[in-house]
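Feature annotation from Swiss-Prot assigns region 'Disordered' to 1-72. Sequence annotations record features per position, and here Swiss-Prot assigns compositional bias 'Polar residues' to 45-61. Sequence annotations record features per position, and here Swiss-Prot assigns phosphothreonine to Thr55 based on similarity to another entry. Here Swiss-Prot flags Lys66, Lys197, Lys268, Lys284 as N6-methyllysine. Residues or ranges marked as repeat 'WD 1' in Swiss-Prot: 91-134. Among the features that Swiss-Prot reports, repeat 'WD 2' is placed at 142-185. Summarising the annotation, Swiss-Prot assigns repeat 'WD 3' to 188-228. The repeat 'WD 4' annotation in Swiss-Prot covers 234-275. Annotation comment: Swiss-Prot describes 304-341 as repeat 'WD 5'. If you look up Swiss-Prot, you'll see 359-399 marked as repeat 'WD 6'. Taken from Swiss-Prot, the feature repeat 'WD 7' covers 408-441.
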Amino acid sequence: MSEREVSTVPAGTDMPAAKKQKLSSDENSNPDLSGDENDDAVSIESGTNTERPDTPTNTPNAPGRKSWGKGKWKSKKCKYSFKCVNSLKEDHNQPLFGVQFNWHSKEGDPLVFATVGSNRVTLYECHSQGEIRLLQSYVDADADENFYTCAWTYDSNTSHPLLAVAGSRGIIRIINPITMQCIKHYVGHGNAINELKFHPRDPNLLLSVSKDHALRLWNIQTDTLVAIFGGVEGHRDEVLSADYDLLGEKIMSCGMDHSLKLWRINSKRMMNAIKESYDYNPNKTNRPFISQKIHFPDFSTRDIHRNYVDCVRWLGDLILSKSCENAIVCWKPGKMEDDIDKIKPSESNVTILGRFDYSQCDIWYMRFSMDFWQKMLALGNQVGKLYVWDLEVEDPHKAKCTTLTHHKCGAAIRQTSFSRDSSILIAVCDDASIWRWDRLR
């Protein structure tokens, strides 16, 4: 398997269209989507930002802060250009916190993405000429549920796409859009779940991070909790984000305690735990599966950010992370020449390689994304502006940026997602609006 290869789903998994499903009880409503290719038909009110509670006060940067690492990454003209071709609005009018394209589809399959917000999960299909078609909508039985995050995978037996969703109630739900059912759910976290991620090479390994200060690794094939990361040296406050590296050997997590922590899952102990989770069969034993409790991260730092760290992603062996300080920081544990796999837990050095600067993004829970090939980086701010950086540059100082704005998009953009072929960028906002930007070739 080449470095950036993800197993794809065979054909024959087209999703049934335009159905509204209940996640567990009866509820009748149809999403009234004011989507139209005609700009003037789009109703978007830009208003106050609905922040997730307890937003930290954003303290101005301390003097001399900008001389970090090798200084600012000056933005030159980006080679990518996008055009806004459509927007629509979900009828619940609550913030949409998450959006994800399904990257497990085959070439030629329709481009499907999911949005989450309020107690709603909605699936859409992108068509030519900017059309966004509603496929399915799911409503949680609890009106107080608020979904924050979603992640796609596929069933390794049937090849059906699967969507995991979670939020304020701390329950992970797995939805099969082919059968249009919530096929399983996991309860374990003691509080809200802020992010879900599937392992890049094993479609059954699901990582969840929570307000309960811990990360959990689940095997959704055998319904086992493989490990809990947290405790003695774990996060001291909500975990807000985490990411697997490309090979799925390491996890980097971050949270409200301003820290970033590295957890290796290719250790003997963890490899064994994952193997045992596959071997476990509750029908053949009375004993419950024993989950690993990982109290000590393999590296930890609080030297990158001075506020809540709400998004982290691997870029090769480097880390991209952001706080509510108007910059995404590119850094690595240890010194420049150190091998990431030889970093010791006692390592106190970090090397900051540069920053992607932007403005008006000082509320928390605003997440950036990259395209499949990690050639582009996208982030929205709290006044509806999108920043796209070209990562394909020799020198990161020369990272080129393009900003995308539309006069009717004025609400906070919570998350963005690129289609697998990078042709479409979707942004979701606090006013329940969805914006489609198509890349101009």
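Yeah, the Cβs are placed from backbone N, Cα and C, and that goes for glycine too.
What Swiss-Prot annotates, mapped onto the structure for a quick look.
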residue	record	DSSP (3 states)
Lys197	N6-methyllysine	strand
Lys268	N6-methyllysine	helix
Lys284	N6-methyllysine	coil
Original post:
Lys197 (N6-methyllysine) to Lys284 (N6-methyllysine): how many Å between their Cα atoms?
Top reply: 30
Original post:
Does the repeat 'WD 1' (91-134) make contact with the repeat 'WD 7' (408-441) through 3 or more Cβ pairs under 8 Å, each pair 6 or more apart in sequence?
Top reply: yes
**OP:** Go through Lys197, Lys268, Lys284, our modified residues, and report the one whose Cβ sees the most other Cβ atoms within 10 Å.
**Re:** Lys197
Subject >> DSSP-derived helix, strand and coil totals, residue by residue, for the repeat 'WD 1' (91-134) >> reply: 3 helix, 23 strand, 18 coil
Subject >> Distance [Cα-Cα, Å, rounded] between Lys284 (N6-methyllysine) and Lys268 (N6-methyllysine) >> reply: 26
